[in-house]
Structure formats: C-alpha cells, structure tokens
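Noted in TrEMBL for the protein shown:
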TRANSMEM  6-29  transmembrane segment
DOMAIN    12-134  domain 'Ferric oxidoreductase'
TRANSMEM  50-70  transmembrane segment
TRANSMEM  90-111  transmembrane segment
TRANSMEM  123-142  transmembrane segment
TRANSMEM  148-167  transmembrane segment
REGION    185-228  region 'Disordered'
Amino acid sequence: MTDALWYLGRGSGVVSLVLLTVVVVLGIAGRSGRSIAGLPRFAVAAVHRAASLLSVVFLAIHVLTLLFDPYAQLDVLALVVPFTAEAQPFWYGLGAVAFDLVAALVVTSLLRHRIPPGIWKRLHLTAYLAWPVALAHGLGSGTDAGSAWMPVLTGLCVAAVAGAVAWRFSPRFAESGSVAERRAGALPPDLAGSGPTPQAAHVLRGRENPCDVGPGARRTTTAERAAR
C-alpha cells in the first residue's frame, strides 16, 4: 500500500505539472485572440478551462497521497505552511508555496462574481507564478529527478513556456481585429469589419425609418417625420 501511495503521489505530481504547463502556455498564447494549432478560439478556451480543472484535481491527489504516505513524512502544516517540513524543508516548502498559490487561484475563481474584474485579473496572474515554483519543487524534491525521462519532460515544459513567452513579445504577436474591437466595445465579431448595412446607413443619415425595411416598404424622409 505504501508503494502504491508513493507511485500515485509521484505520478499525480508530474501530471499536474504538465497540465499547469498547458494552462500557462494557452494563457499566454490565447491573449492574441487567434486560433492555436488550427483550433478556433472557443476550443482553445475550452481546453484551457479543462486543463486548469484537471491540474487542480491531480494536485489534490498529489497532496493527499503524500499526506498519507509515511515515506514522505509530511503533515498538514508542512503541506500548507511553506518551509516547515522536517525533511527537505526548502524543496517541500516550494511545493507548499505552489499549492497555496493554486489554492488562492481556485478560491478567487469561485468568488469571481464578487471581485472587481481588474483585481481578479491580477490575482489570476498567480498561475504564472505557481508554474516555476512547482517546476523547481519537482526538480528538487522529486525522486524521479535523477531518472532519464524527468529532465526531458522538464525541458519540454520549459521549452513550451519559453516559446510562448518569445512569441508573446515577438512582432507577430498582435490581437486580432475582432478581439480588439470587442474589448473596445465595438461591434461583435460577426459584424466587425463588414461595415454598416444599407438599412443602418440610411438610419444613421436620418433618411429612413428603421421599421421601414424591405423591398416593398415605404420610405419615410426626414422632412416627413419633422412635419408629423
């Protein structure tokens, strides 16, 4: 049973780190408003939400298994309060910091409707801080750090985030017109860039009653409306 808990704790920690990497990459790349890997924006947002949820689930499994695993020698205080563990206090402390950051992110997400949008967005940035802390925790305290596959996996995670950051600051990174217009309070994406319809153009010029549309509708001029 002890071996099963240990393997489960290690595996869930690695999976949570990979999913957190996906969350960070999509969070950075998704700010452009463009499709990623051929996926439409709504699909990218759905993958981002699913990866976030699964990352939290596997993190919870990771923490609970280590709590009940006698080999880890961790108690509730060491899991929540950083740098209080008896064994490897620094590396386990980094894990506690990452756990606290993710927990704060979850709580604020549940209370999002009660938090001003600007404050919530700043709190949401803790996900970007939790990733390097969790990465360092895995490299320092994980027993798989000396294996052949763990450095490769860690390198892939770092390369993915570094690539997203490099693209974020590259000249090619720019918000698509539809996203920029929505943020500015302009037309919805299906109407953005298409220009006003003929009926809307007449209304804007005051030449047509908006109710009088269609091929057989009677046109009402501005003079006629003023005479009423």
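In case you wondered, yes, glycine gets a Cβ from its N, Cα and C as well.
No curator has checked TrEMBL annotations; they are predicted automatically.
Taken together, the residues of the domain 'Ferric oxidoreductase' (12-134) have an average pLDDT of 89.
By the count of Cβ pairs under 8 Å, the stretch nearest in packing to the transmembrane segment (123-142) among 50-70, 90-111, 148-167 is 90-111. Look at the domain 'Ferric oxidoreductase' (12-134): DSSP puts its residues at 96 helix, 2 strand, 25 coil. Cβ atoms under 8 Å from those of the transmembrane segment (148-167) belong to residues 14, 17-18, 21, 24-25, 28-29, 131, 135, 138-139, 142, 173 of the same chain, restricted to positions at least 6 beyond its ends.
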